[in-house]
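Just passing along the structure, written as structure tokens.
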Amino acid sequence: MIALSYKAFLNPYIIEVEKRLYECIQSDSETINKAAHHILSSGGKRVRPMFVLLSGFLNDTQKDDLIRTAVSLELVHMASLVHDDYIDNSDMRRGNTSVHIAFDKDTAIRTGHFLLARALQNIATINNSKFHQIFSKTILEVCFGEFDQMADRFNYPVSFTAYLRRINRKTAILIEASCHLGALSSQLDEQSTYHIKQFGHCIGMSYQIIDDILDYTSDEATLGKPVGSDIRNGHITYPLMAAIANLKEQDDDKLEAVVKHLTSTSDDEVYQYIVSQVKQYGIEPAELLSRKYGDKAKYHLSQLQDSNIKDYLEEIHEKMLKRVY
């Protein structure tokens, strides 16, 4: 008998998540309906719902609570994307126009708020105070991450610690919460809950570092946004930090000087120069950092009891660390 892949196993549950996402974004406001449908219909990998479901399936669980949790965390993620695109003035998201471009900035802000409110409303019936403490803290961290990102724009130098804090709040915290809340919903034992939570954190960190690498190495058709979007929006990420450090070791301070004087109105040639230097000097150390977190994630996964669900998590782990988009 051929074993199911994680996608085949999760497919009926992801279909249910998708159905409930569309139910959750219905409102009395035609404008919000259209804007929320715009972001939802642009697709997405549904990474967070997958981790909620698989973490919950490590033990017997109430599937309705798991679905609710998966839907709500995806709504939080969607809200953060809408707000991020507005803050960065990014025109594109997954190959489609961003909400603030397709509609307007006020609509984007209100749509993000609406999605957060729906996320909270959707899990209100879950009777577990620890669950709600974790969920609300996660939303706070995501909000702090948006403030971090605004504060760090065109603000070189950025410390390594500040970068790690930012990507934790931007990405890893939601994946960690997906694993943690899934385990909590299934009443998984304390030790296994710790390891699946840490797995979520580490793979989330690795995932975002890869995202930062791809921003320099991929192409617009694959990314659904222009190459070098991060630096064009003033975001100093690890590939650039590593490139600057490597060049300084060779007594070459030109890249650092360029980044220090970078503004939102800098010429396109300046950005092209930065991208070329990062490709040459910053990608390998960033890949090493991503693998470091990937190895930590693999360790925590190895501490879980053997099962088909663990195999699915290992499959996702391998795929996420080899992704090209």
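Note that Cβ sites are derived from N, Cα and C of the backbone, with glycine treated the same way.
Checked Swiss-Prot, it gives:
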{"type": "BINDING", "residues": "Lys45, Arg48, His77, Arg94", "note": "isopentenyl diphosphate binding site"}
{"type": "BINDING", "residues": "Asp84, Asp88, Arg93, Lys170, Thr171, Gln208", "note": "all-trans-hexaprenyl diphosphate binding site"}
{"type": "BINDING", "residues": "Asp84, Asp88", "note": "Mg(2+) 2 binding site"}
{"type": "BINDING", "residues": "Asp84, Asp88", "note": "Mg(2+) 1 binding site"}
Looking only at DSSP and grouping its letters into three states, which state does Arg93 (all-trans-hexaprenyl diphosphate binding site) belong to?
strand
Helix, strand or coil by DSSP: which one applies to Asp88 (all-trans-hexaprenyl diphosphate binding site)?
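Helix, per DSSP.
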About how far apart, in whole Å, are the alpha carbons (Cα) of Arg93 (all-trans-hexaprenyl diphosphate binding site) and His77 (isopentenyl diphosphate binding site)?
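Between the alpha carbons of Arg93 (all-trans-hexaprenyl diphosphate binding site) and His77 (isopentenyl diphosphate binding site) there are 13 Å.
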How many whole Å apart are the CA atoms of Asp88 (all-trans-hexaprenyl diphosphate binding site) and Arg48 (isopentenyl diphosphate binding site)?
23
List only the single closest residue to Arg48 (isopentenyl diphosphate binding site), chosen from the binding-site residues Asp84, Lys170, Thr171, Gln208 by CA-CA distance.
Thr171
In Å, how long is the longest CA to CA span across Asp84, Asp88, Arg93, Lys170, Thr171, Gln208, which the record gives as the all-trans-hexaprenyl diphosphate binders?
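Greatest Cα separation within the listed binding residues comes to 17 Å.
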Quick check: of the binding-site residues listed here (Asp84, Lys170, Gln208), which one has the Cα closest to that of Lys45 (isopentenyl diphosphate binding site)?
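When the Cα distances are compared, Gln208 comes out closest.
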Run through the Cβ atoms and count how many others sit within 10 Å of the one on Gln208 (all-trans-hexaprenyl diphosphate binding site).
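Within a 10 Å radius of the Cβ of Gln208 (all-trans-hexaprenyl diphosphate binding site) lie 23 other Cβ atoms.
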Which residues does Asp84 (all-trans-hexaprenyl diphosphate binding site) neighbour through Cβ under 8 Å, counting only same-chain ones at least six apart?
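Sequence-distant Cβ neighbours: Ser90, Glu146, Gln149.
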Work out the three-state DSSP category of Lys45 (isopentenyl diphosphate binding site).
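Once the DSSP labels are grouped into three classes, Lys45 (isopentenyl diphosphate binding site) ends up as coil.
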Tell me, how many other CB atoms lie within 10 A of the CB of His77 (isopentenyl diphosphate binding site), whichever protein chain they belong to?
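For His77 (isopentenyl diphosphate binding site), the count of other Cβ atoms within 10 Å is 21.
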Counting Cβ neighbours within 10 Å across all chains shown, tell me which of the binding-site residues Lys45, Arg48, Arg93, Lys170 comes out on top.
Arg48
What is the Cβ neighbour count of Asp88 (all-trans-hexaprenyl diphosphate binding site) at a 10 Å cut-off, with all protein chains included?
20
Taking the Cβ of Thr171 (all-trans-hexaprenyl diphosphate binding site) as centre, how many other Cβ atoms lie within 10 Å?
23
Sorry to bug you, but what's the C-alpha spacing from Thr171 (all-trans-hexaprenyl diphosphate binding site) to His77 (isopentenyl diphosphate binding site), rounded to the closest Å?
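So the Cα of Thr171 (all-trans-hexaprenyl diphosphate binding site) lies 9 Å away from that of His77 (isopentenyl diphosphate binding site).
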